[in-house]
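Q: I'd like to ask some things about the structure below.
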Amino acid sequence: MNRSLPLGCARPVESGRVSERQSKTTVEVSRVSTSSTVVDRAVGCLLGAALGDSLGVPVEFEEYSDIRARYGPDGVTEPPPQALLGDAAQMLLFTGEGYLHAWATGNNGGRWRPVEATAAAYRRWLLTQQEDKPHYGAIGLLAEPELYVNRSPGLTSLRALQEERLGTPEEPINSSKGCGAVDRAAGAGFAPTVEMSYTLGCQFGALTHGAPGGWAAAGAMAALVHLLAVQGRRLPQAVDQAAGRVLREDTETATGLADAATLARIDVRTAYVQRLGQGWVGPEALAIGAYCALALPKREQFREALWLAANHSGHSDTTAAITGAILGARHGTAALPRDWLNRLELADVIERIGHDLGASCVGEKFNDRRYLTLG
């Protein structure tokens, strides 16, 4: 299996100021879908991920038979009255904040260092898992008391972020292909181009997950989000293109996406979710999330798709979060159930990060200065 990345992905995205080429790319992106559509899809993507996460968190470590015994024959069908974020949504927020810090810095005459900025953001998230409340004067996401809660985060990320040196695809920090990189990768999907989204998804993932199944699956997720939200591709086409792109780095992820597409054309069955795996590793989590979105792709099927993604004997919160992000990126906020949003923890914060990611992608003005002081 090829552990190296192709040209343009084999080393960190070049540090430096936002170039004229990058600026032109941003303008070109806005012509694919209208600016307002991309921004709405970015908000839908992050909120959709958070809704899926909150649906799956209560049953994350349960067998399917136990879920049905606890909730009835239909399993878990909606988030609890207080829909709390899991670690997937928490880290997705910090991915967005890290990328936006890099974007704002580069756009205001500083150095464009998205990988370093996102690594710093992940270390800020680690602080929320080690302390019980914000320090006086905390800014950005560190000022949100609700984030200072342990929601059973993956040990791989916890351990990696305590190391002095984080990983790269070329110099892996460990041998993990766990799902903790793919479920936070959607924020990288709002880079100016699909190749940059894929590259950053890989690099962000490799900070904590060393095996290609960990970081390449994250790159595929970021590319998939970009294809849907920014380029406006139809879901089957986007999945096929993401599978083709990741094939160079990880055949397991590519095969999983291809299998998901095949099964979705046959039927909607919980048994097909189980056939794709349990979602504890990146390729399986992405395959399950994609299958549920492909099998129930319509805007009005959002609830059913997340239900399918959460009700199985696997990593329910991660797979439902991925499905929610995919459908949110495809349909925008119109797909999201209002009664679910009304109970979602930190919905306003998630909406703000999503808006700013979308705006940064299409060159729409937003308050980028709130990200400049992050470090």
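Note that Cβ sites are derived from N, Cα and C of the backbone, with glycine treated the same way.
TrEMBL entries are annotated by machine, without manual review.
Straight out of TrEMBL:
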| type | residues | note |
| --- | --- | --- |
| BINDING | THR95, ASP317, THR318 | Mg(2+) binding site |
Q: Of these binding-site residues, THR95, THR318, which scores lowest on Cβ atoms within 10 Å?
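A: Each of the binding-site residues THR95, THR318 was scored by Cβ atoms within 10 Å; lowest is THR95.
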Q: Using Cβ-Cβ distances, find the residues under 8 Å from ASP317 (Mg(2+) binding site) that belong to the same chain and are at least 6 apart in sequence, listing them in sequence order.
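A: Once residues fewer than 6 apart are set aside, ASP317 (Mg(2+) binding site) is near GLY52, ASP53, SER54, LEU55, GLY56, VAL57, GLU60, GLY86, ALA88, ALA310.
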Q: Under DSSP, is THR318 (Mg(2+) binding site) part of a helix or a strand, or is it coil?
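A: SS state of THR318 (Mg(2+) binding site) = helix.
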